[in-house]
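Take a look at the structure set out below.
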Amino acid sequence: MAKMQLSIFIAVVALIVCSASAKTASPPAPVLPPTPAPAPAPENVNLTELLSVAGPFHTFLDYLLSTGVIETFQNQANNTEEGITIFVPKDDAFKAQKNPPLSNLTKDQLKQLVLFHALPHYYSLSEFKNLSQSGPVSTFAGGQYSLKFTDVSGTVRIDSLWTRTKVSSSVFSTDPVAVYQVNRVLLPEAIFGTDVPPMPAPAPAPIVSAPSDSPSVADSEGASSPKSSHKNSGQKLLLAPISMVISGLVALFL
């Protein structure tokens, strides 16, 4: 009995020793670094607020709101995959738009006109140089509503057949939203047709006559008059003796 208890005691001690040695031999578990927090999503640009405070764009903003196009543009602005590029005419551009008048447009035509002022992609100013080589670019209004772009020494020009203007300033340009100011309302051929009235010829430059160094006629006459008077006096003195001689000869024959 005592031998059996001793054997059990020895076995228990052996198990304890083996377990302790196993724990000592095993390496400590690695400590993992904390997972970094995800970067905050970029804040979306509120187009209504931007156009309200960025410049004199109240007329264009009113058209955006009345036609509901602002929702289309805002949804596209929130799409960071493509983004949006908007060309915004100043209030003065709408005041100057007399022919053709915008007041005759139907509600659908007015909506298409507003959609015509945006591209369904973000373009920085530097990207218009390559864009000008790709031909007409479709706008939000659809395939028939396209714009042509040319880049001349960094100046972006826009052509819609009815309208030729340029980007006068960058209002906002941070991917995915670009807003550029233009000085004229973009008129699409799909609404107004191809019968474009001739553009008024530029006013001729005023003719400025160069100052002449030669004296005027009056000055010439005034300058030559003393010489003429001296010449006439000399002629009179020369003719006086001749007249006297002739008079004497006539008297002898009489």
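Placement of Cβ uses the backbone N, Cα and C atoms for every residue, glycine included.
Under the heading compositional bias 'Low complexity', Swiss-Prot lists 206-220.
Per Swiss-Prot, the feature compositional bias 'Polar residues' maps to 222-233.
With DSSP states grouped into helix (H, G, I), strand (E, B) and coil, the domain 'FAS1' (44-186) comes out at 51 helix, 44 strand, 48 coil. Among the features that Swiss-Prot reports, domain 'FAS1' is placed at 44-186, with the record citing sequence analysis.
Under the heading N-linked glycosylation site, Swiss-Prot lists ASN46 (among others), citing sequence analysis as support. Listed in sequence order, the residues of the same chain lying 6 or more apart from ASN46 (N-linked glycosylation site) and placing their CB within less than 8 Å of its CB are GLN74.
Less than 8 angstroms from the CB of ASN78 (N-linked glycosylation site) sit ASN44, each of them six or more residues away in the same chain. For ASN78 (among others), the entry in Swiss-Prot reads N-linked glycosylation site, with the evidence type sequence analysis.
Per Swiss-Prot, N-linked glycosylation site is recorded for ASN104 (among others). Other Cβ atoms within 10 Å of the Cβ of ASN104 (N-linked glycosylation site) number 7 in total over all chains.
Annotation comment: Swiss-Prot describes ASN130 (among others) as N-linked glycosylation site, evidence class sequence analysis. A simple way to gauge crowding: the CB of ASN130 (N-linked glycosylation site) has 11 other CB atoms within 10 angstroms, across all the protein chains here.
Residues annotated as GPI-anchor amidated asparagine in Swiss-Prot, with sequence analysis given as evidence: ASN232.
Sequence annotations record features per position, and here Swiss-Prot assigns region 'Disordered' to 203-233.
Swiss-Prot lists 1-22 with the feature signal peptide.
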